[in-house]
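Undergrad: Found this in Swiss-Prot, in case it helps:
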type	residues	note
REGION	1-155	region 'Peptide methionine sulfoxide reductase'
ACT_SITE	Cys10	active site
DOMAIN	172-295	domain 'MsrB'
ACT_SITE	Cys284	active site, nucleophile
Amino acid sequence: MAEIYLAGGCFWGLEEYFSRISGVLETSVGYANGQVETTNYQLLKETDHAETVQVIYDEKEVSLREILLYYFRVIDPLSINQQGNDRGRQYRTGIYYQDEADLPAIYTVVQEQERMLGRKIAVEVEQLRHYILAEDYHQDYLRKNPSGYCHIDVTDADKPLIDAANYEKPSQEVLKASLSEESYRVTQEAATEAPFTNAYDQTFEEGIYVDITTGEPLFFAKDKFASGCGWPSFSRPISKELIHYYKDLSHGMERIEVRSRSGSAHLGHVFTDGPRELGGLRYCINSASLRFVAKDEMEKAGYGYLLPYLNK
């Protein structure tokens with residue numbers, strides 16, 4: 001379990017937005033990074049606190065990188081002291097952290113936003129200080145007042161970070177013609193390739209692994225580890241939205257099958273015997289379901305947007 005504090009204009013809408021994101025466990029609203037230790041809603045202009053949402057999330061379900069990408073989806077990162085119709089220092093944008101270990105992920109996302117926009121953004125990145133929980137009537141405001149004021153579209157939380165429409169599944173005829181016999185049997189008929197002799201069991205180059213049927217990105221190489229099981233093993237997908245999970249009772253066992261989102265290709269299974277320091281999961285994946293894209297090939301192959309996150 002981890003937490004981050006995000007300022008992005010009126011906190012009513014921002015809290016409702018984050019509460020809808022899979023992997024977010026709890027939200028609350030408050031006032032952060034003012035000049036003094038106490039404040040209230042009426043005193044914000046005097047104390048210089050920012051309206052802020054506390055986001056508590058399950059790192060196994062959603063990463064800080066994903067949380068921040070959702071954040072940038074609904075703010076104007078170039079606007080100074082204004083979001084929507086709300087003006088004033090209390091409506092400034094900010095990312096406030098408690099754990100300095102979060103800084104690499106924060107700076108990576110911020111720098112990528114600046115690269116895309118071509119200029120420095122107005123979002124402040126600071127250690128959390130002087131955080132005050134807001135009054136009760138502000139907590140879960142839009143849940144209690146569904147028609148209340150909101151400056152953002154909270155349904156943006158339902159839109160995936162990686163658009164499945166960009167990775168359309170080919171027809172069975174095309175798949176049969178384009179895939180090897182083994183890749184077809186594994187992805188379309190849920191077969192299992194032989195351990196230890198497959199293509200990527202011992203591959204640890206920088207890059208990403210994509211669905212061999214659609215090209216949809218699935219795993220970062222940085223999340224691959226040597227499990228000794230004979231198949232490629234990953235601690236997590238690039239985003240959990242890219243994977244679909246199914247109960248598998250075949251062969252007298254109870255397992256969780258994993259399939260790709262867009263192609264519904266059989267990938268393998270996920271187990272709970274992975275390294276604890278990596279989150280405890282082991283995605284055991286058939287090489288025949290994957291295509292590896294090396295770091296120096298990613299831009300040309302259309303995956304340049306993922307380059308900033310390879311090592312973070």
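Every residue number used here counts from 1 along the chain in the order it is shown.
From the backbone N, Cα and C atoms, a Cβ is placed for every residue, glycine too.
Keep in mind the model is a prediction, meaning the values are calculated, not measured.
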Undergrad: Rounded to a whole angstrom, what is the C-alpha distance between Cys284 (active site, nucleophile) and the residue listed as 'active site'?
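TA: Rounded to a whole number, the Cα-Cα distance is 43 Å.
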Undergrad: If you run through the domain 'MsrB' (172-295) with DSSP, how many residues end up as helix, strand and coil?
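TA: Across the domain 'MsrB' (172-295), DSSP assigns the residues as follows: 32 helix, 40 strand, 52 coil.
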Undergrad: Tell me whether the residue listed as 'active site' sits in a helix, a strand or coil according to DSSP.
TA: coil
Undergrad: Kindly state the mean pLDDT of the region 'Peptide methionine sulfoxide reductase' (1-155) in the predicted structure.
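TA: Overall, the region 'Peptide methionine sulfoxide reductase' (1-155) comes to a mean pLDDT of 95.
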Undergrad: Tell me, how many other CB atoms lie within 10 A of the CB of Cys284 (active site, nucleophile), whichever protein chain they belong to?
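TA: Other Cβ atoms found within 10 Å: 23.
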Undergrad: Can you check which residues sit near Cys10 (active site), meaning Cβ under 8 Å from its Cβ, same chain, 6 or more apart in sequence, and list them in order?
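TA: In sequence order, the residues whose Cβ lies under 8 Å from that of Cys10 (active site) (at least 6 apart) are Glu51, Gln83, Gly84, Asp86, Tyr91, Tyr149, Cys150, His151.
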